[in-house]
Amino acid sequence: MSTVQTVLGAITPNLLGRTLTHEHVALDFEHFFRPPPADFERELQAKISMSTLGYVRMYPYSSKENVRFYDEEALEAAKKDVLLYKKHGGGSIVENSSYGLKRNLEFIVDLAKSTGVHFIAGTGHYIHAVQDASHASLTVEQMSDLYSKDIITGIQVNGETVKCGFIGEVASVYPVHEFEKHSLQAAGEIQEVLGCGVSLHPHRVTNAPFEIMRLYMEAGGRANKCVMSHLDRTIFDIDELLEFAKLGCYMQYDLFGTECSYYQLNSTINMLSDGQRIDNLMKLIEEGLVDRLLMSHDIHTKHRLTSYGGHGYHHIHMNILPRMFAKGVTIEQVEQMTVTNPANWLAFNP
């Protein structure tokens, strides 16, 4: 029987409930720090407060405090927001922090125990630039062995065995680095063997999702068990989205709540608003693709948590879904995207 592997053990897919398929509750994002504009350096070096929050929202990666999404203040704020997510109908969170992002399995397990939210942890590798020497030198075979071990055997956390429930997020730059080609190959090989879900992170150019799907599928990975993340900052043209949809993977809009006029990680991108995200999802639903769609926030900086003036993990449930209903999306379509699709993606029989 197929089950979903949470950090507290395997459960049947019907127990997941509403699921956020791409989140982080603790990670190190300091590699992506960008020096602040000279005129705002003082404000962005200061502690995040009401008087500096506007600067942080405009330049989120220029505040070192903001990208330190792992200190005690961040963990406390994340836990508060997971509890709010639970209060407002959330059932499960897929934690996408992979090797290179310094995932905190101990904290994830604690959250699962203390909040009642199901957490699914990932294995896999983030981009080459954030890997330490012990991981940067891994071969495809060694990566495959590691991913398989994390899922089948598990990892010891304070005397408990914690098993990963999917491979991801597997991240790459563009052109794809040789190390990242290896991690995509390993992900495809292990997916073919185990049948588990995979989550891919493309670089911020339109060609990237097509290229990494090719590499993953050539290694044996099944498209219908793979999620392409961050499409709301990668493929903007609907015709190109429909062309990409022919590959058969899940298409994920996972930056809900990120509404900014200047996207620091690629200044040529006009970041979508939540309204535009909804409109794009509705167009894809009209094309018969509701069974391929997923939604999330990809929270990875402090300013997106409610303790720092942000929207929290309950934003989709409280603010986006009501707007979707008002625009004509049905409850059945929402349930498909937030309950059924995540369960189908995550369920496997190891």
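Cβ coordinates are placed from backbone N, Cα and C, and glycine is handled just like the others.
If you look up Swiss-Prot, you'll see HIS22, HIS24, GLU169, ASP298 marked as divalent metal cation 1 binding site. Sequence-distant contacts of ASP298 (divalent metal cation 1 binding site), defined by Cβ-Cβ distance under 8 angstroms and a gap of at least six in the same chain, are HIS22, GLU23, HIS24, ASN96, SER229, HIS230, ASP254, LEU255, THR258.
DSSP classifies HIS201 (divalent metal cation 2 binding site) as strand under the three-state reduction. The Cβ of HIS201 (divalent metal cation 2 binding site) lies under 8 Å from the Cβ of TYR126, GLY168, GLU169, VAL170, ALA171, SER172, SER229, HIS230, each of which sits 6+ residues away along the same chain. Annotation comment: Swiss-Prot describes GLU169, HIS201, HIS230 as divalent metal cation 2 binding site, evidence class similarity to another entry.
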I need the neighbours of the divalent metal cation 1 site defined by HIS22, HIS24, GLU169, ASP298. Which other residues of that chain put their C-beta within 8 angstroms of the C-beta centroid, in sequence order? GLU23, GLU95, ASN96, SER97, SER199, HIS201, SER229, ASP254, SER296, ILE299, HIS300
Where HIS230 (divalent metal cation 2 binding site) falls in three-state DSSP terms: coil
Name the residue among the binding-site residues HIS22, HIS24 whose Cβ has the smallest number of other Cβ atoms within 10 Å. HIS24
With every protein chain in view, how many other Cβ atoms are within 10 Å of the Cβ of HIS230 (divalent metal cation 2 binding site)? 23
Given the divalent metal cation 2 site GLU169, HIS201, HIS230, its other Cβ neighbours within 8 Å of the Cβ centroid, in chain order, are HIS22, ASN96, GLY168, VAL170, ALA171, SER199, LEU200, PRO202, SER229, ASP254, ASP298
